[in-house]
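Colleague: There's a structure below that I have some questions on.
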């Protein structure tokens with residue numbers, strides 16, 4: 001008998017290290033049929049048996065189970081009482097709906113204490129599996145903000161299974177939402193490959209049973225139409241192990257989670273990728289005591305997943321939106337999150353099957369877009385490719401004009417434009433050729449690095465153009481700004497290079513993306529791409545506001561009306577192209593985060609196709625100076641063509657006798673005399689053909705001479 005504030009509690013005689021429930025039960029609606037308390041009989045061979053203080057349930061409220069778990073986490077766990085603690089833990093998690101975030105945190109603490117003992121008994125391991133199965137039923141809303149407690153529960157389960165295998169033999173436990181199969185297998189058996197699969201439950205309940213789990217050696221003998229999830233470990237993995245296991249036996253375990261309750265993704269939960277959810281069951285595989293990673297392509301781990309009913313039902317999940325991922329316990333400062341590093345989506349089909357290939361072992365699953373959107377469609381692909389082609393042509397023509405005409409290329413604004421065009425041209429060419437080359441690991445990484453670099457460089461040159469406008473129109477520096485372009489080049493080419501080098505040095509896998517060859521979503525993307533974009537857009541906006549305010553202020557712009565109009569046009573062109581490029585990347589970013597991303601994909605594709613074309617229209621067609629120079633260049637080429645024509649005619653007629661030579665008309669020299677303005681000849685040497693002293697009849701020579 002145990003006396004407490006509300007009366008007495010009765011506990012039957014029990015063995016040392018076992019837990020006993022009180023005979024008294026709660027009679028209220030919320031706690032009915034539950035024992036009022038549970039108590040641990042502690043002790044060992046050296047000390048006599050004694051009762052621990054009971055953990056008393058508050059029968060008036062369900063939330064008391066969280067307090068009891070907190071009390072249990074304070075119990076000292078030893079090899080003698082670990083089985084009793086595990087039993088008490090299982091009992092307290094029997095009602096998952098009563099748990100909240102504190103109860104889940106306490107559960108992780110209790111399980112850590114149990115694992116800390118290193119008990120190898122199958123009884124303790126079975127109780128741990130059943131308790132974790134109970135925790136899988138906890139409502140997602142009970143978890144609160146993501147913490148590392150859920151990842152700790154998964155890791156503790158894996159450790160306990162490895163302890164059970166250390167005794168030799170095998171272990172198997174199947175509950176409704178969790179199944180574990182663990183073996184000590186001879187290396188000779190593993191050399192033929194190992195398959196773990198779950199097949200359809202004939203009852204249709206979706207719950208796991210012993211009959212729904214299959215483990216086969218020697219190959220893949222399960223038809224895809226019968227499976228829910230399967231993972232195949234090729235025999236070649238054995239030859240890649242860093243050291244041979246003891247006794248030529250290798251401990252290997254598989255696990256299957258029917259629910260993703262314990263895989264609380266911060267990025268999904270907080271909406272950074274809010275259209276993405278776990279669309280499959282979660283399968284785990286591990287060689288205990290051996291770290292398996294960086295497997296070659298011919299020895300990669302292949303897994304196949306069928307979309308879960310709750311995700312696929314009533315929705316059309318586009319094949320392109322499925323992504324093979326694994327749970328990375330190191331992300332988010334130990335909280336864990338989904339990552340696609342080292343995994344590739346091999347194939348998908350309309351039946352809901354997705355096949356993945358990964359170069360390591362861990363917990364695998366498939367993420368899907370529950371809105372059923374495609375990441376890209378044939379129409380968008382065509383628009384993007386045509387748009388890139390149009391931009392490339394526009395940029396090439398613009399570069400050709402500005403590089404070939406000396407009077408244009410020597411000016412600071414023109415040199416800035418040339419650098420911007422070159423950066424955008426490289427960006428579009430690499431995008432067009434390499435964005436989809438995900439099958440080439442190192443090649444895709446190089447493409448991702450170059451795309452990121454030239455994206456940042458293009459943004460930097462837009463900022464340089466804004467700065468130059470500010471210095472010229474607001475500060476009104478009349479003197480030549482010495483070495484401005486050289487200094488700007490050091491910043492615009494150097495800072496993006498520094499950012500890329502830092503990301504490569506810290507974590508080069510940020511450039512490994514199985515969907516397309518570009519920087520994947522993560523801290524590197526947020527700080528190395530979004531932050532830079534935001535800074536440049538805000539900076540340019542502020543500069544352009546100052547510039548336009550200064551230009552429209554009476555008396556601020558000096559010079560003739562023609563000169564003021566040219567400055568106004570230049571500022572308008574710069575603002576237009578910077579806003580166009582900025583908006584393009586804003587729409588590109590929104591395609592990643594918004595559930596209605598299809599509209600943003602269309603906008604991104606259209607705006608992307610306009611960049612090179614608009615640069616050509618604004619800085620070549622609309623620019624008066626450029627039009628004049630181009631027209632002069634065209635006239636000179638036409639005159640050069642005429643010279644060649646008349647020279648040919650002169651050579652043809654040089655040996656011909658005419659009956660009436662005296663009647664030939666002498667053409668005036670001025671009618672075909674080309675302008676020899678020093679300005680024309682010196683500023684535009686590219687357009688001036690190599691000439692002798694005459695131009696056909698321009699010297700005044702008659703045909704009959």
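First residue shown is number 1, and so on along the chain.
Note that Cβ sites are derived from N, Cα and C of the backbone, with glycine treated the same way.
Note that the structure is a prediction, hence the values are computed from the model and not measured.
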Colleague: Ranges 337-363, 526-552, 634-660: which does TrEMBL label transmembrane segment?
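Modeller: That would be 526-552, per the transmembrane segment entry in TrEMBL.
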Colleague: If TrEMBL is the reference, give me the range from 484-506, 668-690 marked as transmembrane segment.
Modeller: 484-506
Colleague: Can you dig out which of the ranges 316-335, 416-435 TrEMBL describes as transmembrane segment?
Modeller: 416-435
Colleague: From the ranges 290-312, 382-404, grab the one TrEMBL calls transmembrane segment.
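Modeller: Of the candidate stretches, TrEMBL labels 382-404 as transmembrane segment.
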Colleague: According to TrEMBL, which of these ranges is transmembrane segment: 254-276, 599-621?
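Modeller: From TrEMBL, the annotated transmembrane segment range turns out to be 599-621.
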Colleague: Mind checking which residues of the chain, 6+ beyond the ends of the transmembrane segment (447-472), have their Cβ under 8 Å from one of its Cβ atoms?
Modeller: 412-413, 416-417, 419-420, 423-424, 426-427, 430-431, 433-435, 437, 481, 484, 488, 491-493, 495-497, 499-500, 503-504, 511-513, 517-519, 528-529, 532-533, 536, 539-540, 543-544, 546-547, 570-571, 574, 577-578, 581-582, 585
Colleague: Can you name the far-off residues of the same chain, 6+ from the ends of the transmembrane segment (382-404), with a Cβ under 8 Å from a Cβ of it?
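Modeller: Hits for the transmembrane segment (382-404): 414, 417-418, 421-422, 424-425, 428-429, 431-432, 602, 605-606, 608-617, 619-620, 626, 630, 686-687.
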